[in-house]
2 protein chains.
Amino acid sequence: MSTEKRAVILVSGGLDSTTVLAMARAQGYACYTLSFDYGQRHRAELLAAERVSAVLGDVEHKVVKLNLDSIGGSALTDTDLAVPEEETEGIPITYVPARNTVFMSIALGWAEVLGAQDIFIGVNAVDYSGYPDCRPEYIAAFETMANLATRAGVEGQKLSIHTPLMDMGKGDIIAAGVALGVDYELTVSCYQADEDGRACGKCDSCRLRRQGFEDAEVRDPTRYF
Amino acid sequence: MSTEKRAVILVSGGLDSTTVLAMARAQGYACYTLSFDYGQRHRAELLAAERVSAVLGDVEHKVVKLNLDSIGGSALTDTDLAVPEEETEGIPITYVPARNTVFMSIALGWAEVLGAQDIFIGVNAVDYSGYPDCRPEYIAAFETMANLATRAGVEGQKLSIHTPLMDMGKGDIIAAGVALGVDYELTVSCYQADEDGRACGKCDSCRLRRQGFEDAEVRDPTRYF
């Protein structure tokens, strides 16, 4: 195995995960980026994930297909449910059951194959407080489980789950990314982006993003339809 | 949500998971069976999984496709690696990185959609001591993580991972299944079974299975090629 410091980075093509990728690169990691084709409505995400991975200098970008839409339960995968355009209380309908758990599990498998001891994910407890799998206590429990699940764990290597955005507001995330040279025009955050990656400007994700650029006092490069 | 007691059962079509399904049915669960099309060599497994689910009275059987072969690392998904036909030391080459973690994570998502609080998996620490993700401490850590990952966990419902075979030898598993009326001719265990579900008789899995029938003093119904 090479002596380079390898990491698996979960990259959705959105603003958060793109910032995380820039952070991991700045820390000297050889970055293996992982995206999922899971029946999400916003397929423009996958194109954006490929674009940002290339621009930010990944070693390899992999897209794993899995049909999470077959288990249903979220407005992001179930076409019978509407994406809400107003703020909602509690766990949002855009929450995909066990999504982060599934994604990090597959990242764990790839990390094991690569001999990587680090996984980066852009979860955030500030903006996504309604998602159970975006909380620090959940991430800590996943890390404990991961270290019992794998060959590396058995052999005494420590696998770490990095969540550098956990306690950051959207404005701080954008300011950090801009400082690292991230071009946010490459990214797509909208839950119902069109094929060209243009955003609705109305969904939860668009509202948070737009507010973030205002807070960071950075020009919003998002193309709206 | 109905008042029936629902459970998600991971069913591979092999001897162990089929026995687990029979056990869950005997405990009165409405069984939702889940299989994976993950690039495994032994596709006869998937046919067997469908067959045993139907015969043992599942409510619904779902097959989730995911291309784990793209991350490589195991003789079960990587066609460049040979399936060993002799006993090996340490973690076997047939170990698929993070497989149980990925499978249980998707089961967790489906359980959440179904309102099920119980997941059954046929892991076994006796015959699979070389697999890190077949140990009781791993299962306990997964359960802890799962209860932090989901809406149900946040709302105070307890999700349980059931591993009724954990401490059983293969002979005891077979004896328990026979007592519940399981017809093991329906099942496929061989790592390199042919399309008709006939077994090689030589791989680790075949050897364990054959010994199990001997130990249980039950006629071995396996069809070998």
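Glycine is treated like the rest: Cβ placed from N, Cα and C.
Taken from TrEMBL, the feature ATP binding site applies to B:Val11, B:Ser12, B:Gly13, B:Gly14, B:Leu15, B:Asp16, B:Ser17, B:Thr18, B:Thr19, B:Val20, B:Leu21. According to TrEMBL, the feature Zn(2+) binding site maps to B:Cys190, B:Cys200, B:Cys203, B:Cys206.
The distance from the Cα of B:Gly13 (ATP binding site) to the Cα of B:Cys200 (Zn(2+) binding site) comes to 16 Å. Ranked by CA distance from B:Cys203 (Zn(2+) binding site), the binding-site residues B:Leu15, B:Ser17, B:Thr19 have B:Leu15 at the top as the closest. In space, B:Leu15 is the closest of the binding-site residues B:Val11, B:Leu15, B:Thr19 to B:Cys206 (Zn(2+) binding site), judged by Cα positions. Distances between the Cα of B:Cys200 (Zn(2+) binding site) and those of the binding-site residues B:Val11, B:Leu15, B:Ser17, B:Thr19, B:Leu21 are shortest for B:Leu15. If you draw a 10 Å sphere around the CB of B:Ser17 (ATP binding site), it holds 26 other CB atoms from the protein chains shown. Taking the mean position of the Cβ atoms of B:Val11, B:Ser12, B:Gly13, B:Gly14, B:Leu15, B:Asp16, B:Ser17, B:Thr18, B:Thr19, B:Val20, B:Leu21 as the ATP site, the remaining same-chain residues with a Cβ inside 8 Å of that point are B:Ala49, B:Val52, B:Gly122, B:Thr187.
All protein chains shown were included, and the count of other CB atoms within 10 Å of the CB of B:Leu15 (ATP binding site) stands at 28. According to DSSP, B:Gly13 (ATP binding site) sits in a coil region rather than a helix or strand.
For B:Thr19 (ATP binding site), the same-chain residues lying six or more positions away in sequence with a CB closer than 8 A to its CB are B:Gly122, B:Leu165, B:Ile173, B:Ile174, B:Ala176, B:Gly177, B:Leu180, B:Val182. B:Leu15 (ATP binding site) and B:Cys190 (Zn(2+) binding site) have their C-alpha atoms 10 Å apart, to the nearest angstrom.
The 10 Å shell around the Cβ of B:Leu21 (ATP binding site) contains 29 further Cβ atoms across the protein chains shown.
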